[in-house]
Every structure is written in structure tokens, then in C-alpha cells.
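Taken straight from Swiss-Prot:
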type	residues	note
BINDING	HIS100, GLU102	Zn(2+) 1 binding site
BINDING	HIS107	Zn(2+) 2 binding site
BINDING	HIS154	Zn(2+) 3 binding site
MOD_RES	MET1	N-acetylmethionine
MOD_RES	GLN6	deamidated glutamine
MOD_RES	GLN50	deamidated glutamine
MOD_RES	ASN123	deamidated asparagine
REGION	1-63	region 'Required for complex formation with BFSP1 and BFSP2'
REGION	146-173	region 'Disordered'
Amino acid sequence: MDITIQHPWFKRALGSLYPSRLFDQFFGEGLFEYDLLPFLSSTISPYYRQSLFRTVLESGISEVRSDRDKFVIFLDVKHFSPEDLTVKVLDDFVEIHGKHSERQDDHGYISREFHRRYRLPSNVDQSAISCSLSADGMLTFSGPKIHSDMDASHSDRSIPVSREEKPTLAPSS
């Protein structure tokens, strides 16, 4: 099968809002018609974008919330088990690392690895941080904020990932 290379001057109808899946974290998870023939699918039906936002919403994008009382990170890690995840607090950062060895899926064999690093607000009580993984693969990292009259404790430590049996509701802004 011959696949033409897309020239840099050729832009998709929605530009950067419509990312290609050929070279991102979806590599190896199967291709859609618009991945191979983006100009053809937009020419035939410019309003037909079956999975335009599905890939964005399911891409492992994290959401960070910092309100008056707590600091929370939501991260989609549906391809990882708690044993595959390492969560550490180092200085004023939280580091989340996931890695699983090669395993078989619908499209062949795949191994995955990611590393995310987030800066913690200075008023997060690092001794009270918790981390859990829901049944639908949403990792929730949370730490309470302390008020200015109390002193935040800072130390390097690993945070255990506990498993929850119920799915996490999709984070809403």
C-alpha cells in the first residue's frame, strides 16, 4: 500500500485543532480514514468529524485544579495499573511516572511509558498528599492546602497509589 507524505504547505481544514495521530501518543493504536487521507475526508464531508474531540479528550491530558482548600491533579492513565505507576514528591514538584512492559493488544504488541512533572504550590501540606486510581483509569493526586499561619512540611517521598472500584466522573471545569 502506498501512502503519500503530507507536505508542510498542506494544512488540514482545522489546522492544529485537528491533530494527526500518526506521530503522537496514539501511535500503534490503529488509524482512521482521516489519518491517511485527511484531504479526502474533509472534501467528501467537511462536517463529518467522527472522532475530532474524542482523541483530545482521551489523550491522557491532565487537568490541574488549585483552589483555596486543595490542590488536585487528574491524569488519564487507563493503560496502566497501580503497579505500573510511581508517584513521588521531590522538593516542590510531584513526579508521576508510568511504564508497562510489552504486552499484546488488538493491533499487536505495545509498551508504554510517560513521565509528568508538576510544580506544587508552596502551601500544600505534603505530608497529607494522597493518590488513587479509579476503575476507569483516572489517577487523582490531591493534597490539602494549609493556611498561612501553619508551616507546610516539605520532604522527598513516594506516594502509594491506591485503587478505587468506582469510576471517576470526568473532571469538569
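Each Cβ is built from the backbone N, Cα and C atoms, and glycine gets one as well.
Between the alpha carbons (Cα) of HIS100 (Zn(2+) 1 binding site) and ASN123 (deamidated asparagine) lies a span of roughly 33 Å. Annotation note: HIS107 (Zn(2+) 2 binding site) sits in a coil segment as assigned by DSSP. For the binding-site residues HIS100, HIS107, counting C-beta atoms within 10 A of each C-beta gives the highest total at HIS100. DSSP assigns ASN123 (deamidated asparagine) to coil in the three-state reduction, placing it in neither a helix nor a strand. When the Cα atoms are compared, the residue listed as 'Zn(2+) 2 binding site' and the residue listed as 'deamidated asparagine' turn out to be 46 Å apart.
Reduced to three states, the DSSP call for GLU102 (Zn(2+) 1 binding site) is strand. Regional average pLDDT for the region 'Required for complex formation with BFSP1 and BFSP2' (1-63) in the model is 52.
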